[in-house]
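Engineer: Not my notes, these are from TrEMBL:
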DOMAIN    187-205  domain 'NF-X1-type'
DOMAIN    240-259  domain 'NF-X1-type'
DOMAIN    293-312  domain 'NF-X1-type'
DOMAIN    346-365  domain 'NF-X1-type'
DOMAIN    373-394  domain 'NF-X1-type'
DOMAIN    398-417  domain 'NF-X1-type'
DOMAIN    425-444  domain 'NF-X1-type'
DOMAIN    482-502  domain 'NF-X1-type'
DOMAIN    591-624  domain 'NF-X1-type'
DOMAIN    634-652  domain 'NF-X1-type'
Amino acid sequence: LSSLKKFDEIKKANQAAAKKLVEDQLSSSSEDDDEDAEVKQGKILDKTFTIYTSQTDGDATELERTRQYMNEAFQSGAMTCLICIASVKRNQAVWSCCGCFCIFHLVCIQKWAKDSLFLVSSPLTDDDFGKKDYPWPCPKCRFEYKRSETPSRYYCYCGKVENPTVDPWLVPHSCGQICEREFKPSCGHKCLLLCHPGPCPPCPKMVTTSCHCKKAKPVPRRCSAKEWSCRLPCGRTLLCGQHACENPCHAGDCQPCPRVSKQRCICGRQTAERLCASPQWQCDQVCGKCLPCGNHTCEQVCHAGPCGDCPRSGKRSCPCGKTKFTLPCTEDVPTCGDSCDKVLECGIHKCSQRCHRGPCEICRQEVEKQCRCGKHTKRMPCHKPYLCETKCTKIRDCQKHQCRRKCCSGNCPPCDQACGRTLGCRNHKCPSGCHRGSCNPCPETVDVKCNCGKTVIKVPCGRERTIKPPKCKQLCSRPPTCHHSTQEKHYCHFGRCPPCRQPCQKTLMCGHLCPVSCHDEALVKQTGIHQSAGPWEQPSEPAFIQTALPCPPCKVPIPVECLGQHEVSLLPCHSAHPYSCKRFCGRLLDCQNHTCMKECHHVTKLNSSADGKKAGPECSQCEEECTKPRPAGCPHRCVLPCHPGDCPLCLQMLKIKCHCKLSLLYIECL
């Protein structure tokens, strides 16, 4: 049972590893270094734009902004969640803001919304909680969403399909259906692209519409640019009622009349040249007309209509307001002699002086005053404020710092310190005031460039450390590091250039050109540099150094004849010299009967006309006996060693008998 349990655990671990490997391969952050990926991406974009371009006769100029969003969806590391500063992969649930179209992980935006709502509602009392639907903002554009709009499920861009399947032949997180979202501003038509990230392009439909002034005949135009001007004079009557608008056909209300005319002020005393659009104006002269009382004049500045009654006529009150008098307008109202009794600035005590003109004095009564925080009391003049030196120890709304304000009333002000926490990008600090909860994402963007700097992509701040540089289609412009004048064409890159694979073409000592690949910067393994202290020390990886290797021996085939001139063979140029073919020499010796039995060797020609088959001084000497046939009846061998030509006559003395055997003779064998 324990073995089976262990086997099941290992099986589950392997299945999880295999699943993770498949997900990583399907992720948008995986690298597609081959050109097939770019071709595939182009086909997907063309398929997405097909219905739209069919309405515009192939014109795709209005699709550049949407194309940029879609390229970012395909590009490695371009789609980044600003909350967790991590790549957004194909198989992850996402949410897109309808204001800035920025894409976030679904779990990240749910946590963001929950934290934002908690921070807004936490200062509320139990009675107020839940009565108001507080919004939460987008982390990037601060577009506000209601509590009920908090995302809870994963939908495609157009919102039709929940949990769209991962399809390598569709835009990541797209359902592949027609978008059909309403255009903004609304025109009654719907988007014709396939489900896509980013804003919808302008409406491509054709409509018949008139110009702004309605004078020209209606013409067919694109719905997104249906408002147009015929450039004829507008002709509408302006607000002045005297002149007509002379501007070309335009949208909205006409501008104020730009003409100048002579106009009188409101009182009619002065005349000035003013814009026709502002006929009502005041001069700076006091009216000065005699009032009905006959004793005073009007003190109003340039006004219309009658001046009115004298302000000093009728019943008037004394300064304290307790007694009223009916006096001529030429006489001032006297004081009544009663106490003033007006409430002083302290709001508690009344003025104890007699009725008087002008403002009342400050309150000088001594009272028992309590400080603002309520911890201390002191007897002092009523008009003086009492603030103690006790510092408030309450925590401010940031829940981090104490108030530390002297004699605080308990209504502590918001924290005035800067947050200063390091943002998720780890490059900048939070510029906001001290606050609770997570800091807003870093709003900065960073340019990630290729090595030559001509290809640039913008990524959220903090992603520049993990994102791979963009692929540059410019050729590498570095000078060659080998002996060649130019290097092989390859694209812009970081690090060292790839090894030169051009033929070496250096002239060898034999005069031929070196045909092998360039070897000026060959990697050579270094061995024997580090001596291990003992068998317990782990062997280190061999070190490689870059060095120039000499040209290899020339291998151009050269026809070479063997020493004995028996054959001609093709030998490498570096070893092209006479050789022994290992055969017998075979040249005819001086005896004219035998051949040289030495191994193929060099033969010196004594003269230029010598026969190539004749033995030379280096050949062996014949030491055989003469084996030529003897004349008939001669039983003796030739006395000479092996020789050319006929053998000499045999001079050997023989003893022979006559026929009857009675006599003996000594004669030569011949």
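Every residue gets a Cβ built from N, Cα and C, even glycine.
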Engineer: Report, as numbers and ranges, every residue of the chain located at least six residues beyond the domain 'NF-X1-type' (482-502) whose Cβ falls under 8 Å of a Cβ in that stretch; write 'none' if there are none.
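Structural biologist: Tertiary neighbours of the domain 'NF-X1-type' (482-502) are 450-452, 454-455, 469, 471-476, 517-518, 520-522.
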Engineer: How about the domain 'NF-X1-type' (398-417) with the domain 'NF-X1-type' (425-444) - do they touch, taking at least 3 C-beta pairs under 8 Å (6 or more apart in sequence) as contact?
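Structural biologist: Yes, since the domain 'NF-X1-type' (398-417) and the domain 'NF-X1-type' (425-444) share at least 3 Cβ pairs closer than 8 Å, they count as touching.
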Engineer: Provide the three-state DSSP residue tally for the domain 'NF-X1-type' (293-312): helix first, then strand, then coil.
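Structural biologist: Split by secondary structure, the domain 'NF-X1-type' (293-312) comes out as 0 helix, 2 strand, 18 coil.
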Engineer: How do the residues of the domain 'NF-X1-type' (398-417) split into helix, strand and coil according to DSSP?
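Structural biologist: Looking at the domain 'NF-X1-type' (398-417) with DSSP, the answer is 0 helix, 2 strand, 18 coil.
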